[in-house]
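According to TrEMBL:
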COMPBIAS  15-32  compositional bias 'Basic and acidic residues'
COMPBIAS  42-51  compositional bias 'Basic and acidic residues'
DISULFID  CYS4-CYS81  disulfide bond
DISULFID  CYS25-CYS64  disulfide bond
DISULFID  CYS53-CYS76  disulfide bond
DOMAIN    3-81  domain 'Kringle'
REGION    15-51  region 'Disordered'
Amino acid sequence: QEVCVTCNGEDYRGRVDHTESGKECQRWDSQKPHRNNFQPKRYRDKDLKDNYCRNPDNRLRPWCFTMDPKSLWEYCNISVCDSDPSEDADVNTTMSCVHGEGTNYRGT
């Protein structure tokens, strides 16, 4: 399980369950205190387990709905992964962040 994020954290599968301001995350399968459409059964590939921070809709980074009735959602404070030093040795290696399904990717 990742403890850091790459790109926008779309593939983050860690267990951070509080927002960057310290609010507890709402379970993805709950509709209280906030109603939402991100149900785990409808988004099986997004790993919407428990109340862990995720990025099911390609926002800037992982986030969650909060348990605070006055605050719908917040980003989570998850470290950005360091690049692998062995990859730095190959000048032809390029890390590119492709969002969503990569439908807008135009690289070679």
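From the backbone N, Cα and C atoms, a Cβ is placed for every residue, glycine too.
With a threshold of 8 Å between CB atoms, the same-chain residues lying at least 6 positions outside the compositional bias 'Basic and acidic residues' (15-32) that come near it are 1, 38-40, 48-54, 62-68, 71, 74-78. A simple Cβ count within 10 Å picks out one of the disulfide-bonded residues CYS4, CYS64 as the most packed, and that one is CYS64.
Here the domain 'Kringle' (3-81) is broken down by DSSP into helix, strand and coil counts: 3 helix, 13 strand, 63 coil. Straight-line distance linking the Cα atoms of CYS4 (disulfide bond) and CYS53 (disulfide bond), rounded to a whole number, equals 12 Å. Comparing the disulfide-bonded residues CYS25, CYS53, CYS76, CYS81 on other C-beta atoms within 10 angstroms of each C-beta gives the minimum for CYS81.
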